[in-house]
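J.: One structure follows; several queries about it will come next.
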Amino acid sequence: MECATTATTPWERVRQRLREEIGEEKFTSWFARMDLDKLTADAVQLSVPTRFLKSWIQENYLPRIADIWAEESGAKRRVDLAVRNAFARPVALKANTVREVVTERTDMHSGDTRQQSARISDGRSTDARGADGRGSDARAVEPRAAAAALSDAVAGDVASGSPLDARLTFETFVVGKSNSLAFAAAKQVAESAPGSAPVFNPLYLHAAVGLGKTHLLQAIARAGAVGGRRTTYLTAERFMYGFVAALKTHSAIAFKDALRTIDTLVIDDLQFLKGNNLQQEFCHTLNALLDGGRQVVVAADCLPGELEHLDERVRSRLAGGLVVELAALEEDLRLEILKARYQTLTEQHPGFAVPAPVLEFLARSVGQSGRDLDGALNKLLAFNQLTGEPVTLEMAENAVKDLIRPTDPKRVRVDDILRVVAKHYNVSRADLLSQRRTATVVKPRQIAMYLAKTLTLRSLPEIGRRFGGRDHTTVLHAVRKIDGLVNADRALAEEIEVLKRLALEA
C-alpha cells in the first residue's frame with residue numbers, strides 16, 4: 001500500500017483515501033482505471049473506460065469521492081464522471097507493439113525501414129510516391145498492416161488478463177471450516193501439471209461479498225502461471241470490455257483465439273455478465289475450453305441456477321462441474337483472519353498495538369466478511385494514529401460501533417424466498433421474475449423483494465439482479481412500499497411474519 005506521504009496532489013490524495021477506505025482489492029477492480037481529465041473552478045471531470053464502471057461508481061461512490069475531494073483540496077467542487085473511448089486506452093498501451101509490427105510488415109513490401117518508420121510515427125510521407133517510387137504500394141499496405149497489428153494488440157491486452165494483487169496467494173489465505181473445501185479444490189486445480197486432464201471442470205465458487213472468492217481465483221491464476229500453465233484471470237467486466245473493444249476494432253476472431261488457446265481461464269464476478277451477444281460469446285468460449293480439456297474456474301455471488309440473466313445452457317454447463325460455496329466465516333476463522341491482518345499492519349505501522357481481548361471482541365462482534373474485519377482494524381489504526389489513544393477494549397467498542405452486528409442471523413437464500421412467496425400467493429417463480437405488472441403479481445413480487453432485503457445480507461443492486469435484472473431503485477421502492485403497508489395493515493404484517501418464518505425454515 002502506498003504511504004500517505006507520497007500523495008502530493010489533491011487527486012493523488014483522493015485516490016489514496018479511497019484505497020485505504022475500501023481496500024486494495026476493491027480499489028484495483030473499480031478505481032484503478034479512473035482518471036482525472038479536467039479541473040475547473042467549480043468542477044472535477046473524471047473518466048472511466050466503460051459505461052458499466054461509470055454506472056457502478058455513480059451509484060455507489062461518487063458522493064463519497066466529492067466529499068473526499070473537498071476535504072483534500074479545501075474547495076467544494078462538483079464531481080462529474082464520463083466514459084472515455086472504450087478501446088483507445090488498450091491500443092495506446094500497446095502503441096509501441098503496433099508501431100513495431102506495422103513497420104515490420106510494411107518493410108517486407110518497401111525494403112526501406114527508415115522511410116516506413118517515419119510514416120508510422122509521423123502519420124505522413126515526405127513524398128506522395130515515396131523516395132523509391134513505390135509510395136502508393138506502401139500506403140496501400142499500411143492500413144492492412146495497422147489493422148492486423150491493432151487486432152493483435154487488443155486480443156493480447158485481453159489475454160493478458162486483469163491485474164493480480166500480489167497479496168492474494170494460497171499462502172496468505174486463512175483456512176477454516178467454512179472455506180476448506182473451496183481452498184482444497186482451488187489448490188488442486190492450480191497445482192495440476194500442464195497438459196494433464198482437469199479433475200474439477202469447471203470449478204464454480206460462490207459466496208457473498210468478502211468471503212474469499214477473489215482471493216482464491218487470483219491465487220489460482222498466480223500459481224498456474226508460475227507452474228507453466230497459460231492462465232488468464234478476468235473479471236466479468238474486463239471480459240465485457242474486451243469483447244466490445246474487439247468488435248469495435250474488428251478483432252473478434254483474434255479475441256476468441258486468444259481466450260480459447262489458453263490452459264486455464266479464470267472468470268470473477270460472473271453475475272455482472274450481461275447482454276445477449278456477450279453471453280453467447282462466453283457460452284462458445286466456455287464450451288470450446290471445456291470440450292478441449294482446458295480448465296475453467298468461475299466465481300459468482302450465487303449458485304449457477306440462480307444466475308437468472310444467463311442463458312440456460314451456460315447455467316447448466318457451470319452446474320455440471322464442481323460447485324462449492326464459501327460459507328459465512330465462523331468466529332474461530334474470523335479471529336485467525338484478524339490475527340493475520342493485524343500482523344501485516346504491525347509490519348507497516350510498528351507502533352500499532354492491539355491487545356488479544358480486542359481481537360477476540362472484533363471476531364465475536366464485527367461483520368460477516370473479511371472486508372468487515374479489515375474495516376474494523378483500519379478504524380482502530382485511524383483512531384490510534386489520529387488521537388494518540390492506545391487501543392483498549394473500551395476504545396474499540398466506540399470506534400467500531402457502527403460495524404457491530406446485533407446477532408448472527410440464519411442465512412436465508414433469495415431462492416428460498418422466491419419459492420415460499422410463489423407458493424403462498426399461487427404464482428410461479430417465473431411470474432415473480434418477469435416484467436408483468438398485473439396486481440396479482442406486483443404485490444407478491446414487492447413482498448419478495450422486501451423479504452430479500454430484511455432476511456438476507458444482499459445489497460439492493462444484488463437483489464435487483466436476482467429479480468430479473470431490475471434496477472436497485474425498483475427494489476428500494478418495493479421495500480418502502482411494503483414497509484409502509486405493514487405499518488398500516490395489521491393483517492399484512494401478520495402475513496409477512498408467516499412468510500418470514502417459512503423462509504427461515506426453508
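Here the Cβ of each residue, glycine as well, is placed from N, Cα and C on the backbone.
Annotation comment: Swiss-Prot describes Gly210, Gly212, Lys213, Thr214 as ATP binding site, evidence class sequence analysis. Residues or ranges marked as compositional bias 'Basic and acidic residues' in Swiss-Prot: 103-112, 121-142. The annotation region 'Domain I, interacts with DnaA modulators' is assigned in Swiss-Prot to 1-77 on the grounds of sequence analysis. Look at Swiss-Prot and you will find 77-162 tagged as region 'Domain II', backed by sequence analysis. Annotation comment: Swiss-Prot describes 103-142 as region 'Disordered'. According to Swiss-Prot, the feature region 'Domain III, AAA+ region' maps to 163-384, an assignment based on sequence analysis. Annotation comment: Swiss-Prot describes 385-506 as region 'Domain IV, binds dsDNA'.
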J.: Which residue counts does DSSP yield for the region 'Domain IV, binds dsDNA' (385-506) in the helix, strand and coil classes, in that order?
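T.: Result for the region 'Domain IV, binds dsDNA' (385-506), in helix, strand, coil order: 87 helix, 1 strand, 34 coil.
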J.: So which other residues, same chain and not among Gly210, Gly212, Lys213, Thr214, have a Cβ within 8 Å of the centroid of the Cβ atoms at the ATP site?
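T.: For the ATP site, the extra neighbours are Ala207, Val209, Leu211, His215, Leu216, Ala299, Leu326, Ser369, Gly370.
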J.: Could you pull the average pLDDT for the region 'Domain III, AAA+ region' (163-384)?
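T.: Summarising the region 'Domain III, AAA+ region' (163-384) by its mean pLDDT gives 87.
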J.: Just to verify: the residue among Gly210, Gly212 with the fewest other Cβ atoms within 10 Å, which of the binding-site residues is it?
T.: Gly210
J.: Please list, for the region 'Domain I, interacts with DnaA modulators' (1-77), how many residues fall into helix, strand and coil according to DSSP.
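T.: Going through the region 'Domain I, interacts with DnaA modulators' (1-77) residue by residue, I get 45 helix, 11 strand, 21 coil.
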J.: Please list, in sequence order, the residues in the chain of Lys213 (ATP binding site) that are at least six apart in sequence and whose C-beta is under 8 Å away from its C-beta.
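T.: Long-range Cβ contacts: Leu205, His206, Ala207, Asp268, Ala299, Leu326.
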J.: Could you tally the C-beta atoms, other than its own, that fall within 10 angstroms of the C-beta of Thr214 (ATP binding site)?
T.: 23
